[in-house]
Amino acid sequence: MGESGPVVIDPRRHDAVLFGVGDALGSALASQLGQIGVGTAAIAADDPAAAADRLRVRPGRCVVVAGDPAAVEAARAAGFALVIGLAPDGRDGDGLRAAGADAVIAELEQITVRTGDRRMSQLPDASQALTGGADGLAGRHPAVFFDFDGTLSDIVDDPDAARPVAGATAALTRLAARCPVAVLSGRDLADVTKRVGVPGIWYAGSHGFELTAPDGSHHQNDDAAAAIPVLAQAAGRLSDELGTIPGVVVEHKRFGVAVHYRNAARDRVGEVAAAVRAAGRHDALRVTTGREVIELRPDLDWDKGKTLHWVIEHLRRSGSGALTPVYLGDDITDEDAFDAVRGGPVQGVPILVRHNDDGDRATAALFALDSPARAAEFTERLADQLERGEG
């Protein structure tokens, strides 16, 4: 096989780019990365993780660019987030792919760098979104979407122990009486519906592959359903391979396989990530990451952002009129929804619930809240505002 198309360095997902090729540290690409706060370093072909250690960044949030199949193979085994093979004039592209490269390019200019985002610490408090102004909600009719884990619920060591924070369900109930409300989760649909337990709202599970409307009608992505047997097989193999590592939990969901490593030793995380990425390559499944989790799901162009657009369009066709989408989320998978909220026909309000798991990473959100407890308070204040007729 030859080269791939353009690949993207995304500061929301990547803290550093490590080069195993020539004078790349002096390239225009390296300069552009420095301008947006993404670190760079050179690697040794046999130990790319050492460069990540020097920069104090995790391999799971780093990119490796290398022209040596041995370096590509070492980066893949260490669990790096993105491994790019560099094959000038198409030389050894097949060898780089066989070694585990996610993409093969002929020149560094094929790499695109995402710009324009702000760091989490730079965002204003979401209380400002309750006022007027171009980005505010005063005088507008919102449709409010929530992630669950890390947004309505605190992140806990045992995913099965997650529950909405105090006041969250009462605030959701009040809000749902005044505007459309949806919970979009990576959990199974039945799981998140039971945990939240608020009637009369939208629930989407598995990042939107399956959802129920307030009237109880069920919708699913039939293309994703075709991958259910493959996901089951992958879950079984990963349980056998990783289940003996202390602190690792392999969660088989209807439309995904989530491997949690929050409680695992840090020196085993690369091994876990490498195993999941290898399973994704073997079974042609998409690999996504989150807060101390790496997941397999159907390799389809569908995410929380597209789910949000689908729900908004459904509401529009049902006569809801012009709605301003609001999305509250904390994780990398929520960035798709932030992009959708900002890029839709109506400028919406993307709100990040801050955390420390990924450092001060970049985000497409425009506002922030400091915890799920603050998210519950924001929801209550928005319900108050709508009850007073100020929405």
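Cβ coordinates come from backbone N, Cα and C, glycine included.
Per Swiss-Prot, the features are as follows:
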type: ACT_SITE; residues: ASP147; note: active site, nucleophile
type: BINDING; residues: ASP147, PHE148, ASP149; note: substrate binding site
type: BINDING; residues: ASP147, ASP149, ASP330; note: Mg(2+) binding site
Residues within 8 Å of the ASP147, ASP149, ASP330 Cβ centre (excluding the Mg(2+) site residues themselves): PHE148, GLY150, THR151, LEU152, SER153, ILE155, SER185, ARG291, GLY329, ASP331, ASP334, VAL353
Most crowded position, judged by CB atoms within 10 A, among ASP147, ASP149, ASP330 as recorded positions: ASP330
Cβ-Cβ neighbours of PHE148 (substrate binding site) (radius 10 Å): 24
Between ASP149 (substrate binding site) and ASP330 (Mg(2+) binding site), the C-alpha gap once rounded to whole angstrom: 8
Three-state secondary structure, which DSSP defines for PHE148 (substrate binding site): coil
Length of the line joining the Cα atoms of the residue listed as 'active site, nucleophile' and ASP330 (Mg(2+) binding site), in Å: 8
Alpha-carbon spacing, PHE148 (substrate binding site) to ASP330 (Mg(2+) binding site), which is rounded to whole Å: 9
